[in-house]
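Undergrad: Just dropping this structure here.
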Amino acid sequence: SLTAKDKSVVKAFWGKISGKADVVGAEALGRDKMLTAYPQTKTYFSHWADLSPGSGPVKKHGGIIMGAIGKAVGLMDDLVGGMSALSDLHAFKLRVDPGNFKILSHNILVTLAIHFPSDFTPEVHIAVDKFLAAVSAALADKYR
């Protein structure tokens with residue numbers, strides 16, 4: 001679980017990166033050709049004409065994802081309750097396999113490390129990794 005120190009580190013780091021969140025989201029979603037290399041992710045976006053990194057739909061959805069993660073930063077004391085509507089959406093309407101959250105979380109960490117090398121210290125890495133795992137768990141809450 002997230003400690004008070006973890007929460008403080010995540011909030012401070014998010015303050016530094018929030019201006020580039022859309023770019024980070026688009027790159028994370030497109031990293032390693034996530035939507036084409038992992039067949040299980042491709043099925044959720046079959047209605048997009050272009051799944052390539054940098055395409056309009058990938059950029060837009062990456063921004064939406066990072067916007068939701070930004071909101072989650074303010075909900076760290078109750079991620080399950082605060083993200084309940086998103087959990088419902090992903091579990092019941094979109095039927096996203098929660099294993100995909102782990103792939104995306106990894107891609108977000110890699111993208112943050114690339115864009116913010118001096119700020120992405122080991123302490124930040126650990127706190128953000130724990131935070132993204134907590135967000136993933138909150139999103140997967142309705143799957144049980």
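Numbers run from 1 along the shown chain.
Cβ coordinates are placed from backbone N, Cα and C, and glycine is handled just like the others.
The following feature annotations were taken from Swiss-Prot:
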type: BINDING; residues: His61; note: O2 binding site
type: BINDING; residues: His90; note: heme b binding site
type: DOMAIN; residues: 1-144; note: domain 'Globin'
type: MOD_RES; residues: Ser1; note: N-acetylserine
Undergrad: Name the secondary structure element type, per DSSP in three states, that contains the residue listed as 'heme b binding site'.
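TA: Reduced to three states, the DSSP call for the residue listed as 'heme b binding site' is helix.
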Undergrad: Report the same-chain neighbours of His90 (heme b binding site): residues 6+ apart in sequence with Cβ closer than 8 Å to its Cβ, ordered by sequence.
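TA: Those within reach of His90 (heme b binding site), by Cβ under 8 Å and sequence separation of 6 or more, are Val96, Pro98, Leu139, Lys142.
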Undergrad: When you measure from the Cβ of the residue listed as 'O2 binding site', which residues in the chain that are at least 6 apart have a Cβ under 8 Å away?
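TA: Those within reach of the residue listed as 'O2 binding site', by Cβ under 8 Å and sequence separation of 6 or more, are Gly25, Leu29, Phe45.
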Undergrad: Counting across all protein chains present, how many other Cβ atoms fall within 10 Å of the Cβ of Ser1 (N-acetylserine)?
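TA: That number is 7.
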Undergrad: For a three-state summary based on DSSP, what are the helix, strand and coil counts in the domain 'Globin' (1-144)?
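TA: Final tally across the stretch: 114 helix, 0 strand, 30 coil.
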Undergrad: Between 0 and 100, where does the mean pLDDT of the domain 'Globin' (1-144) sit?
TA: 88
